[in-house]
Amino acid sequence: MSGPTMDHQEPYSVQATAAIASAITFLILFTIFGNALVILAVLTSRSLRAPQNLFLVSLAAADILVATLIIPFSLANELLGYWYFWRAWCEVYLALDVLFCTSSIVHLCAISLDRYWAVSRALEYNSKRTPRRIKCIILTVWLIAAVISLPPLIYKGDQRPEPRGLPQCELNQEAWYILASSIGSFFAPCLIMILVYLRIYVIAKRSHCRGLGAKRGSGEGESKKPQPVAGGVPTSAKVPTLVSPLSSVGEANGHPKPPREKEEGETPEDPEARALPPTWSALPRSGQGQKKGTSGATAEEGDEEDEEEVEECEPQTLPASPASVCNPPLQQPQTSRVLATLRGQVLLGKNVGVASGQWWRRRTQLSREKRFTFVLAVVIGVFVVCWFPFFFSYSLGAICPQHCKVPHGLFQFFFWIGYCNSSLNPVIYTVFNQDFRRAFRRILCRPWTQTGW
């Protein structure tokens, strides 16, 4: 088609057309850039190379296709007020629109099921969670989306006469298809995701309560409260003797040589117990100055900081004695290691690195899994908020077309809010996930740092 041959009143003023075109052009560019960044981050970052993150690559690809094949033609149709392009392309364009939208929400549904299986059948499912298996699931997702989106291309239904005037490209108005596609593309996957995430929450809550119960049980089974003695070392801790190699270092730095500690254990919570107090600021990070004592660190301080502490749990310095806290910290010899827990407990030993390293690694993995599950819950929530108004009003028009039809302007607004969702996932990853933040920073800053600009 070459355009209209009759007088046509533009739907928007020149100023409104320029503003809308600028905003949607920015949306297109931002969507392509952000989702391309997500794909690069997953494919190049070691911390994001888990097989399940292939779901995010496929989801980002669907959003890029929306930005390149759907939104530009929707913008032209909106600003011109008629369909400028070929009639055959209108049918393909509508089918692709449904395909990409359905693919996005079925991806989210598959991701939520993947998280549920990983939580409920951790050992069994994680051994089967291979890249090949994830790719097969992704292929199934696209096939489901194709089955839902292709019927209008195959079955034309009752051919209505072409309206006189300018050509239009409108959504399918067959009531059966509206209801079937809305249920298959949105409402059924939404219901599945809500039920699955409720189940994940119940499992996580139960696991948390079980962990607290085990912690209380182990606390009751321990020896009685340590009694301070003259030397300041509790006498009730029945652990193997660990001799601190720091006394000679303390003497060399001008500190009086402290009495040899015969027994080491958990830091007592009794404020009167003076051996290794919880407020011991013995583990500063280089380049960051002194931080809070280990007793001030709790699980409520946030997962980001927790993981950084976990990954950097190899200490650099340790004072020679409790009295030397106010003095500059001493360099710890390489022969001993320190294990600092979130409750402020400090354990010294020469061979704790291997066993504790596995524990810290497991803790880091669980922390990352928990954060990632939260991020995906936010992604799903934002998707539902963006697309629910459109699918609700679209279905309402099929159920009672005479009395429940939504005004055209409001329906178009809901339509464009749904498109905006394609640009939001990279923002969500950046705000809520530090692994993506690090990967984005590395991708964006590396060319500048290498060229010296």
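Yeah, the Cβs are placed from backbone N, Cα and C, and that goes for glycine too.
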(message) Same topological domain name for LEU43 and PHE440 in Swiss-Prot, and hence the same side of the membrane?
(response) yes
(request) Taking only the Cα atoms, work out how far SER185 (site 'Implicated in catechol agonist binding') lies from CYS445 (S-palmitoyl cysteine), in Å, as a whole number. (result) 39
(request) Could you check the recorded positions ASP97, SER185, CYS445 and say which one's CB has the fewest neighbouring CB atoms inside 10 Å? (result) CYS445
(request) Name the range, of those listed as 55-80, 175-198, 376-399, 409-432, that has the largest tally of Cβ pairs under 8 Å with the transmembrane segment (18-42). (result) 55-80
(request) Using Cβ-Cβ distances, find the residues under 8 Å from SER181 (site 'Implicated in catechol agonist binding') that belong to the same chain and are at least 6 apart in sequence, listing them in sequence order. (result) VAL98, THR102, ILE148, SER149, ASN172
(message) On average, what pLDDT score does this prediction assign to the topological domain 'Extracellular' (1-17)?
(response) 67
